[in-house]
Protein chains: 2
Amino acid sequence: MYKIIILLFTFYATLITANEPVTPLPQSVQVNQAKAKLGQALFFDPILSHDGTVNCATCHDLHSGGDDGLKFSFGIRGQEGSVNAPTVYNAVFNFRQFWDGRAKDLQDQAAGPIQNPVEMGATFEEIIPKLKKSKYKKLFDAIYDEGITKNTITDAIAEYEKTLITPNSRFDKYLRGDKNALTQNEKEGYELFKSKGCVSCHHGENIGGNLYNKFGIFNESNSEWLGRYNITHKERDKYFFKVPSLRNIARTAPYFHDGRTYDLKKAVEIMSQYQLGRHITKEEISKITAFLQSLNGELPKNIEPQ
Amino acid sequence: MYKIIILLFTFYATLITANEPVTPLPQSVQVNQAKAKLGQALFFDPILSHDGTVNCATCHDLHSGGDDGLKFSFGIRGQEGSVNAPTVYNAVFNFRQFWDGRAKDLQDQAAGPIQNPVEMGATFEEIIPKLKKSKYKKLFDAIYDEGITKNTITDAIAEYEKTLITPNSRFDKYLRGDKNALTQNEKEGYELFKSKGCVSCHHGENIGGNLYNKFGIFNESNSEWLGRYNITHKERDKYFFKVPSLRNIARTAPYFHDGRTYDLKKAVEIMSQYQLGRHITKEEISKITAFLQSLNGELPKNIEPQ
């Protein structure tokens with residue numbers, strides 16, 4: 001009898017979510033536990049930076065939104081970056097990494113900040129000998145035949161980052177059939193999110209992160225932020241960026257590639273003007289923002305290395 | 001005095017179009033005239049098909065929309081294709097070619113139909129000797145050091161296709177400052193096109209053709225048309241297609257990759273439901289359709305080879 005009820009419930013939940021443009025995050029992603037544990041140690045270890053002052057967690061604080069709350073992050077010697085650090089949470093679900101999509105996956109991405117002169121400012125030639133003289137020698141050798149290389153360092157970090165997902169947001173519970181998981185205001189916000197057109201770019205399991213589009217379809221044609229153009233040097237890629245995921249958006253201010261605002265309501269208003277060219281009322285902004293707040297998911301249980 | 005008036009007019013026209021998400025097509029594209037003329041001859045010559053029955057113009061009728069008005073085109077021996085033939089007009093402005101973007105440019109695209117067994121069904125090994133025994137020998141040798149090769153055949157066709165643009169649509173005249181170029185109904189349609197969110201994917205000079213997005217953000221999750229997935233075999237690319245250009249859309253029925261409807265109003269309704277998840281009134285559909293009809297541009301003057 002219970003089985004029938006569960007089956008019916010599952011069927012009903014499938015029915016009501018079948019046509020939704022957003023799908024819940026999975027509860028877990030399969031990883032190699034040994035590699036992920038090693039990657040976690042590396043993620044928190046400033047040994048990967050030139051002067052031992054910066055680790056991955058410096059810009060990707062896992063206790064809040066997986067970013068650092070700054071407009072632009074600080075790297076070694078207090079140098080300031082020039083683009084807003086994206087969250088590492090749920091990055092595994094993005095189709096490419098970085099705002100301009102220049103890294104094809106997490107492993108490719110991981111090599112970026114380590115070598116960026118204004119971020120961790122190191123070279124693999126420099127850090128590999130350091131790692132080989134440390135506790136890491138044994139750890140890598142136990143897992144990787146090739147020992148400590150650029151490939152194995154970034155592979156371990158990427159494997160760990162796959163675990164950095166935030167399932168079970170209230171919105172995901174709602175999508176799975178729990179109609180009480182959202183307030184009336186949040187439900188109306190979701191309907192507005194769909195009917196206003198936000199969803200035409202922010203959809204799928206990550207509510208974004210699966211396509212490029214132009215930032216400022218309406219009014220950004222002389223910005224200094226050229227996006228994918230810097231990678232492809234093609235005129236048509238000017239101002240094109242990866243559409244970011246909206247998962248945990250309320251935890252990841254400031255917003256946009258240039259961190260131009262800390263105010264989520266303002267960010268919604270900017271999107272409406274820039275991407276949809278439409279006026280949006282204060283009440284509508286408030287409801288959409290309420291919906292966005294329901295996208296905060298559960299953080300991993302053991303954040304620091306044990 | 002006239003100069004000042006023209007300057008002021010230009011300034012005014014620039015001002016009013018500065019924040020528009022759509023820009024006018026250029027009046028011309030720079031091409032190598034000799035190559036383009038050769039490409040034109042090839043475009044119309046069935047010598048490129050296995051049995052001499054099909055040319056490029058078979059599926060790309062340049063006297064109407066640059067397509068053939070069929071749900072699926074017919075190739076050699078009456079074989080039917082399995083995807084709606086896109087228009088060749090303004091294809092030069094698309095960021096990739098084919099619905100699934102598998103060709104990076106016009107030259108890459110041109111090799112496709114020639115070799116597709118259900119389209120022109122030929123091989124370059126087969127057609128190159130035929131061309132070398134024909135009038136083409138002299139024509140190629142005069143232009144290309146390497147003579148007749150796959151590379152030069154597709155290069156000439158691509159060069160010709162760059163000339164297949166349709167500038168000066170009434171809408172482009174409107175964008176350039178001629179406020180009387182559109183009717184009130186069409187102007188309102190354009191405003192709806194923007195405010196309903198259509199513009200979030202259909203923007204830029206080709207009003208589309210510059211990004212991939214999911215067909216059926218709302219309700220296409222079990223279609224047999226997998227789009228880019230067929231190329232990348234990545235789950236996240238399922239149902240992703242190149243957003244098509246809307247230039248000359250009223251001339252290029254039937255619509256969508258599967259040619260599911262000949263009715264432009266129905267196509268607008270489908271887009272509203274599938275991509276934006278919203279109801280749209282009959283009056284709104286009618287106005288948006290009126291706007292879309294203003295996107296018909298001027299066809300080239302000399303279509304057939306002279």
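Cβ coordinates are placed from backbone N, Cα and C, and glycine is handled just like the others.
Automatic prediction, not curation, is the source of TrEMBL annotations.
Taken verbatim from TrEMBL:
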SIGNAL    B:1-18  signal peptide
DOMAIN    B:34-164  domain 'Cytochrome c'
BINDING   B:Cys56, B:Cys59, B:His60  heme c 1 binding site
DOMAIN    B:184-296  domain 'Cytochrome c'
BINDING   B:Cys198, B:Cys201, B:His202, B:Met271  heme c 2 binding site
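A map of TrEMBL features onto the structure.
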residue	record	Cβ contacts under 8 Å, 6 or more apart
B:Cys56	heme c 1 binding site	B:Leu42, B:Phe43, B:Phe44, B:Leu48, B:Val88, B:Pro113, B:Ile157
B:Cys59	heme c 1 binding site	B:Asp67, B:Asp68, B:Ser73, B:Ala85, B:Pro113, B:Glu119
B:His60	heme c 1 binding site	B:Phe43, B:Gly66, B:Asp67, B:Asp68, B:Ala85, B:Thr87, B:Val88
B:Cys198	heme c 2 binding site	B:Met271, B:Ser272, B:Gln275, B:Leu276, B:Ile288
B:Cys201	heme c 2 binding site	B:Gly208, B:Leu211, B:Asn213, B:Val243, B:Gln275
B:His202	heme c 2 binding site	B:Phe193, B:Gly208, B:Val243, B:Leu246
Determine, for the heme c 1 site, the additional residues of the same chain whose CB lies within 8 Å of the mean position of the CB atoms of B:Cys56, B:Cys59, B:His60; present them in sequence order. B:Phe43, B:Asn55, B:Ala57, B:Thr58, B:Asp61, B:Asp67, B:Asp68, B:Ser73, B:Ala85, B:Val88, B:Pro113
Using a Cβ cut-off of under 8 Å to chain A, which of the binding-site residues B:Cys56, B:His60, B:His202, B:Met271 qualify? none
Count the other Cβ atoms sitting within 10 Å of the Cβ of B:Met271 (heme c 2 binding site), across every protein chain shown. 22
Where does B:His202 (heme c 2 binding site) sit in the DSSP three-state scheme? coil
Secondary structure tally of the domain 'Cytochrome c' (B:34-164) (DSSP, helix then strand then coil): 62 helix, 4 strand, 65 coil
Per-region confidence, the domain 'Cytochrome c' (B:184-296) (mean pLDDT, whole number): 95
